């Protein structure tokens, strides 16, 4: 187990050459060229890469991953667009967060704003599709994302509704928040860890952001054959739910690996659940099956 | 209490709002509401927000049409922990909402009644509105008899067949409506009633026509498509995250949202009225006549409600004939008119199905009865044309339809209002589910969940009622016999009968007709099981008319 994990981490730290990076981006750009929503942003991409390159100096982020998301950031709130799978999955993952956080913080799950009084950080908030529901549920939300374009989209969208306009959005990273000594009751990073270069470092940063006794919620994709078949082959190549190249199987973590690296960051995983998609109803539901998508809730030592 | 505070809310905004703080039901309120030229707010707690933000606050939900179904939605929202905080506007120009009707027990029952199913009763109990219904006149019935003018057979149903206390309850519409209203007023639900009509609705303003004013966040939100803007006939306008169309068969919301409909008219009218007997009636009665069914429903005391389906020419005649003649015609139609009484079930025919009878339903042994005689008319007579309409879509971004706005069914069986209540409670539940996961309640993905759930239930019922209407709109010898044979099975085969009674998710009450001509049934016995689906369609019963 430990060996496997070590080799995994070594693999993550391999530097990806700029050429390869650039090549990927071009592929992504041409892929979307025919999509009307993205026509505008294709010209911006080149500027964006330039802008992002000097910015991303932190160790836990992959530069080309940022460019990938910047290219489609305009479509975050298009529920039929590239982020459709996230929109569809969102209620299910929020149901998990709601029940675990209500239990942990002894909040009433039958009220409309159970998170009243909680400070929550949404790391890798993207266009804010998790931050906004958390704010509607009463939390004081800070959303951070390394892609400036995402933050702009998130800000504009959140201002539409007085309930979500209170969200604080920052174009920054978890590491920088740690440097600023920010602390939160709950730290949430959904579908982020598979896009970072150093998951162990990333988890340490998340742990540093939580108050002692605070909560951490992470979700990602398992490195299983089934995940390769569904999350990459089916979702990206056959169903075109996700842009090709969204995920790399080798970047995925197994639940055991995640539990281990969280433990090393002094976060004890208390609950874990899987998401399963039913092609018949087109909906996701929580289950015990963690073979593809899974979510983990942990608490930080110290109380 | 009734002071009218006039002040400028937003100087840049095009209207000056008169805020009237009052209880909406008082007479003074009704007068001042007529006087107030612009927006009226029946505020309980919300005007503090208004002055703080210096802007008109958008509503969470605007319910267009405060009839029974619209109020059922409001009542369910008001009594659900996850939705009771929502700010709701109710738009309805009907006087029933302006002045709470004073319902006196001595008054003769209104001809507009609904037969609520056990499922609807339990919804009402869940919200706490049923206790108010019980304070007024209502009539449970646990038995019904259905028979045919061809005198070929009859069927009796008993609530005990399905281990239920009652088959349904007949309640005046105004009682249902005021009970829901009373229940809402028990809570501190923030509702505002606009006594006006909807004239315009815009969801996606063209960006060129909107000048986004940064001092007015509501306008800005609307301009970016996160709110719907409603224009009212009195010149007011309001904003809401979600617009619910519960404004009936001719729904303005449906029209403005551009939802297409499918439907047709039946060349039939229904005549409804209240009648009085010399004795109390405890049973629901229904007889199929050549032009359509006539139903006699108990409303409590010595009153019953008549729903008589007939062709339009006949209906105008029956509406205008002298009272004595009408009463005579009703008694004729419920007794020997168009054909004799069916014979009580014959041992031979019952025995024929004995191999199928696991345990005999109680009602299978009950003999045919003649309904109590009508002695006089107790209300005016009303006639309504019958039609079927179904909206192709119930939901789009920020708009959703419930009740008759989404579907009008043949008023056979009084299922219309029960389907509408089913819609209202389903929508309320789905809104609560959305709030639980922090969704924007106008989000199309949430509303489509409601649509998927209700479309199935509603279309199934519509197909059954329509098929039933068609089966009965043809008076043709062989078809009558076939129809009767199918019903015959329904009367004697216990499992089938149970499945008919408790067929739909709303516990739809159904009945069948039986016939007693051996030779025909002998031939058809083999086909009985094949005809099960047929039977289900045809044996839906008429229970009431709803408005």
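Every residue gets a Cβ built from N, Cα and C, even glycine.
Where the annotation comes from TrEMBL, it is an automatic prediction and has not been curated.
Copied over from TrEMBL, here are the features:
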- A:93, A:124, A:145, A:190: S-adenosyl-L-methionine binding site (BINDING)
- A:191, A:194, A:195: Mg(2+) binding site (BINDING)
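The structure, with features from TrEMBL marked on it.
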residue: A:93; record: S-adenosyl-L-methionine binding site; Cβ within 10 Å: 24
residue: A:124; record: S-adenosyl-L-methionine binding site; Cβ within 10 Å: 24
residue: A:145; record: S-adenosyl-L-methionine binding site; Cβ within 10 Å: 29
residue: A:190; record: S-adenosyl-L-methionine binding site; Cβ within 10 Å: 24
residue: A:191; record: Mg(2+) binding site; Cβ within 10 Å: 21
residue: A:194; record: Mg(2+) binding site; Cβ within 10 Å: 21
residue: A:195; record: Mg(2+) binding site; Cβ within 10 Å: 23
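Apart from the site residues A:191, A:194, A:195, the chain places the Cβ of A:124, A:192, A:193, A:196, A:220, A:221, A:247, A:251 no farther than 8 Å from the centroid of the site's Cβ atoms, the recorded Mg(2+) location.
Look at residue A:124 (S-adenosyl-L-methionine binding site): DSSP puts it in coil. For the recorded site, residue A:191 (Mg(2+) binding site), the DSSP three-state label reads coil. Residue A:191 (Mg(2+) binding site) sits 8 Å from residue A:124 (S-adenosyl-L-methionine binding site), taking the Cα positions as reference.
The distance from the Cα of residue A:93 (S-adenosyl-L-methionine binding site) to the Cα of residue A:194 (Mg(2+) binding site) comes to 17 Å. Spacing of residue A:195 (Mg(2+) binding site) relative to residue A:124 (S-adenosyl-L-methionine binding site) is 10 Å (Cα to Cα, whole number). Between the C-alpha atoms of residue A:194 (Mg(2+) binding site) and residue A:145 (S-adenosyl-L-methionine binding site), the distance comes to 15 Å. Whole-number maximum of the Cα to Cα distances across the S-adenosyl-L-methionine-binding residues A:93, A:124, A:145, A:190: 19 angstrom.
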